[in-house]
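Heads up, the thing below is written out as structure tokens.
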There are 2 protein chains.
Amino acid sequence: MSRLVMKFGGTSVANLDRIRNVARHVKREVDAGHDVAVVVSAMAGKTNELVAWCRDASSMHDAREYDAVVASGEQITSGLLAIALQALGIQARSWQGWQIPIRTSDAHASARILEIDGSELISRFTERKEVAVIAGFQGISPQTGRITTLGRGGSDTSAVAIAAAIRADRCDIYTDVDGVYTTDPRVVPKARRLDRIAFEDMLELASQGAKVLQVRSVELGMTQNMPIFVRSSFDAPEDIDPHGTPPGTLICGEEDIMESHVVTGIAFSKDEAQISVRQIEDKPGVAASIFVPLADANINVDMIVQNVSEDGKTTDLTFTVPASDHARARETITRAKDMIGYARLDSATDVAKISVIGSGMRSHAGVAAQAFKALSDKGINIRAITTSEIKFSLLIDTAYTELAVRTLHTLYGLDQT
Amino acid sequence: MSRLVMKFGGTSVANLDRIRNVARHVKREVDAGHDVAVVVSAMAGKTNELVAWCRDASSMHDAREYDAVVASGEQITSGLLAIALQALGIQARSWQGWQIPIRTSDAHASARILEIDGSELISRFTERKEVAVIAGFQGISPQTGRITTLGRGGSDTSAVAIAAAIRADRCDIYTDVDGVYTTDPRVVPKARRLDRIAFEDMLELASQGAKVLQVRSVELGMTQNMPIFVRSSFDAPEDIDPHGTPPGTLICGEEDIMESHVVTGIAFSKDEAQISVRQIEDKPGVAASIFVPLADANINVDMIVQNVSEDGKTTDLTFTVPASDHARARETITRAKDMIGYARLDSATDVAKISVIGSGMRSHAGVAAQAFKALSDKGINIRAITTSEIKFSLLIDTAYTELAVRTLHTLYGLDQT
């Protein structure tokens, strides 16, 4: 017997049939003897509808009222799932954030969880075997007593935080994919589902555009050392052996991964624009003169590459922004030309970023060097390189994206056999 | 300056345009210097949708979960109206039942309000001139900490209870009619809107089928001595002089009605069936032998007429039920024939009930007698009569309903001049 959190997103609870399907998933785990807390999102589309109403009421709407309005979406799902569970003969009750309570900061619409009191939920497991159905995405500010929300996708974070609070053995995230892959299977048919991935690798993979679950929930899993299991909600509940090992990916501590590859996965993004500011003075403050105006314009800068200057006087600085911000970024830099003092501004929108991720890199030298060689053999030019402890990223021409990803996928032994 | 509760029902907040219209109504009163608490229902259709989902999840759904689901409708409206008010530059915040708190019994789905703490709302009027936007229809059970609802139409009751708790001068119920009429204006074109009506008369009028506001809210207004003003939400907010006397009907204590007519209004219902049980024994227990089986069958009996028997041995008993229950009621009585011991069962579905209401009847003799004469002059036969202190009801053939109502309306001086 163990204690589980099961989290279901909006598409998994989109209508009553899907909610009944979720109830059968929960019943399977209850029948297997587990204590179960379920965390639910709003029915698909519901949150967007509520957000649109708030915007319609006022473009400058009060975030506190926004939270009261949008939190109702999860409230509805939690009650409906409790009813559906009871219809299967399972003891269940719904919990709103303020009832548990899930205490958060008062940063409305993007609150952080401060503390969850799991004692009542635990005593109900013990005394009545009651399933807790918890409205995700929401909490309460202890200062004001008002409803808060965690920001979009926050239900993943709710689930991991609840799991830590009730000392669960695992947090299962049911989603519309059956796990985390070495790379996008639509681009690389030989992409392999990972049985396990370290929290750190998942963080890099998630923030590089693998949209399986929220980055914050992975961070929380890492700090709380709570294993997160990503699995599909579309499998028929009856086809799953609760005592077997279902398909999915376990996100866990490195120490729980016996045999790890040096490289875990490859992420890529085609929506990049590259901007190079040529012959700027190599002196303190010049980087700030470029990036402060961009930040003021709310432009998100990703890669930044600056080389050591040859002559100690001038250097080039290259950075990437989302392709949709390319024109605005150029204007912003051009407007700041006098302050920056550069000779030329080059840019390109037909660039892609490839990121190779693996905590195994820390103990393996020459991992990036293999990539440079392999890409060069295929005639792919590398425009820029950045590296971190467990990741390196390359900027290349967009046209070569798929070829580069496939080449590296094979190079690092990630292909399915 | 005074303190007001303004209550808006589902059609008045059906969409964002209507909600903005409500915000302008509120602004008018705030600008006039009043402290304002607003009580809102769910957007029209929303509660029905949520109820349908609960039924779909399980026909035997848990009333506690039902309450958590359906209360979200008012939660949404309260937040949206607070946003719309802020957009007009008015300080406002939403309040859920559990935040105030509005403490209720734990009879989920039909809870009764036990106690409302109005102190925080009052101090916010004083300190910040903040408008309170309160989700109607809902509260919290102090025993369990769970959301409760008051049953359909409960927002009227919420509004009157809030008005009492904050010691308001008046509770304004904005609705889709502009007040309470002497009778249905569709039947009697000369029906007149009442400027004032006593709580007791309104109770009789409401329970006799005038669907202006919930009977419970009128009862509460009477016990709390809280004047209730019924007015239209469809008037353009800008056309109303906040210092004038707007069109509408004030429901208040008898002592606040200077010149009252003996008769206040006439209600009628055509959906009646009359059942007469002939020659039953005139002995204790015989009435119970008829009405207990009907109650067990969940059939609502309205008028009951039993005359003193002539011979001290047998008597006839007549009662009315909703026309839709006519067949079931006959079956129920027939099945209990041996127990009741009657000679014959007569019934008719083409009957209507006319009720003449007026607390002035208490001090005026012969009010009913005038009606018998007037109807007789028109050739209308009276099948049965019941009377109470402030009301009498007549059963007649349905075909004469309109003629009878118009005749009595003129007779008692209710016609518009």
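Backbone N, Cα and C atoms are what each Cβ position is placed from, and that goes for glycine too.
According to TrEMBL, the features are:
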type    : residues                                                                                    : note
BINDING : B:LYS7, B:PHE8, B:GLY9, B:GLY10, B:THR175, B:ASP176, B:TYR181, B:ARG186, B:LYS211, B:VAL212 : ATP binding site
BINDING : B:THR47, B:GLU74                                                                            : substrate binding site
DOMAIN  : B:275-359                                                                                   : domain 'ACT'
Spatial neighbours of B:LYS7 (ATP binding site) that are distant in sequence (at least 6 apart) but have CB under 8 A:
B:VAL38, B:VAL39, B:VAL40, B:GLY136, B:SER155, B:ASP156, B:SER158, B:ALA159, B:CYS171, B:ASP172, B:ILE173, B:TYR174
Express the distance between the Cα positions of B:THR175 (ATP binding site) and B:THR47 (substrate binding site) as a whole number of Å.
17
So the record assigns B:LYS7, B:PHE8, B:GLY9, B:GLY10, B:THR175, B:ASP176, B:TYR181, B:ARG186, B:LYS211, B:VAL212 to ATP. If I measure every Cα pair among those residues, what is the longest distance in angstrom, as a whole number?
26
Which one is closest to B:THR47 (substrate binding site) in space, judged by CA to CA distance, out of the binding-site residues B:GLY9, B:TYR181, B:LYS211?
B:GLY9
From the DSSP assignment alone, can you count helix, strand and coil residues within the domain 'ACT' (B:275-359)?
29 helix, 33 strand, 23 coil
Around the Cβ of B:GLU74 (substrate binding site), how many other Cβ atoms lie within 10 Å? Please give the count over every shown protein chain.
31
B:LYS211 (ATP binding site): secondary structure state under DSSP, collapsed to three categories:
coil
Return the count of C-beta atoms lying within 10 angstroms of the C-beta of B:THR175 (ATP binding site), excluding that atom itself.
22
Across the domain 'ACT' (B:275-359), what does the pLDDT come to on average, as a whole number?
90
Rounded Cα separation (Å) that holds between B:GLY9 (ATP binding site) and B:GLU74 (substrate binding site):
10
According to DSSP, folded down to helix, strand and coil, what is B:GLY9 (ATP binding site)?
coil
Can you grab the distance from B:TYR181 (ATP binding site) over to B:GLU74 (substrate binding site)? Cα atoms, rounded to a whole Å.
29
Please report the distance from the Cα of B:GLU74 (substrate binding site) to the Cα of B:LYS211 (ATP binding site), rounded to the nearest angstrom.
21
